[in-house]
Amino acid sequence: MVRAPYFDKSGIKKGAWSDEEDQRLIAYIQRYGHPNWRQLPKFAGLRRCGKSCRLRWMNYLRPNLKRGNYTQKEEQLITDLHKKHGNKWSLIAESLPGRTDNEIKNYWHSHIKKFLKRNSNDTTCDDDDDGDELKSKAIECKEFEGPASESATADSHHILESSLSMSSETSYIEENSPSFSSRHKESTLINLSREEDSVASWETLDGFSSNFWTEPFISENAFAGGYFPISCYGTEREEPFFLW
DNA sequence: AATTGCATCAACCGCAGCCTC
DNA sequence: TGAGGCTGCGGTTGATGCAAT
């Protein structure tokens with residue numbers, strides 16, 4: 001469910017990330033942190049722009065992320081916070097540990113928004129789909145008048161199912177979610193002792209040109225040969241940290 | 001079995017705001 | 001204080017899976 005990989009005219013790879021790319025990014029950040037996203041792909045040997053690396057890390061690779069299976073409590077929290085803050089997804093995400101703004105945004109658009117929209121148009125809220133959760137949702141949606149309210153209608157049945165399917169709020173899905181790839185599990189295991197934002201010092205870097213996010217990363221050799229420009233470590237570099 | 005339409009979500013794009021010089 | 005660099009955010013896109021026909 002991702003875009004097919006391709007290279008733009010400046011040689012930057014776009015689209016779906018490969019396992020190898022993920023591993024490179026993880027390994028690099030684990031060791032050196034990410035003090036500078038723009039330069040990171042150069043030294044990580046990735047043919048990606050810094051922006052893409054950041055997004056991949058923040059939304060998919062960084063540790064302690066939950067994926068899928070929103071609990072009823074989380075749904076409620078998202079709804080409440082959206083009511084309060086509007087489309088400030090990053091703000092909302094701060095209150096949901098392990099959730100990313102992107103994921104919450106997607107979830108909002110695909111689940112909650114529809115649910116609220118439907119119920120704003122149909123106050124009966126699918127009476128056939130009874131259940132306490134549904135009733136509470138129905139009440140909630142009637143009250144919903146958030147700053148970014150979009151007269152949401154909704155798939156109450158869908159919401160109900162998702163709510164009921166979760167046995168508890170601790171049903172984090174790293175092992176269970178079909179969308180949680182095995183490589184993610186593996187990569188998550190690698191990093192056990194690291195703070196996400198641990199920042200390693202970077203060696204002095206020569207000036208890089210222009211266009212920050214889309215700047216071409218690195219030489220073909222570096223990518224193909226799996227090495228990093230020596231200048232980015234200095235002369236006393238430790239064992240190569242990459243896993244490949 | 002084949003086709004169509006919808007839902008999902010990873011990834012891209014553009015822009016605003018912060019920081020440094 | 002203004003300009004340029006960098007980061008993060010929010011909106012949007014598009015490929016894929018799946019259900020309906």
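Including glycine, each Cβ sits where the backbone N, Cα and C put it.
Remember, predicted model here, so these are calculated numbers, not experimental data.
For A:9-61, A:62-116, the entry in TrEMBL reads domain 'HTH myb-type'. As annotated by TrEMBL, domain 'Myb-like' applies to A:9-61, A:62-112.
Counting residues per DSSP class in helix, strand and coil order gives 36 helix, 0 strand, 19 coil for the domain 'HTH myb-type' (A:62-116). As a whole-number mean, the pLDDT of the domain 'Myb-like' (A:9-61) in this prediction is 88.
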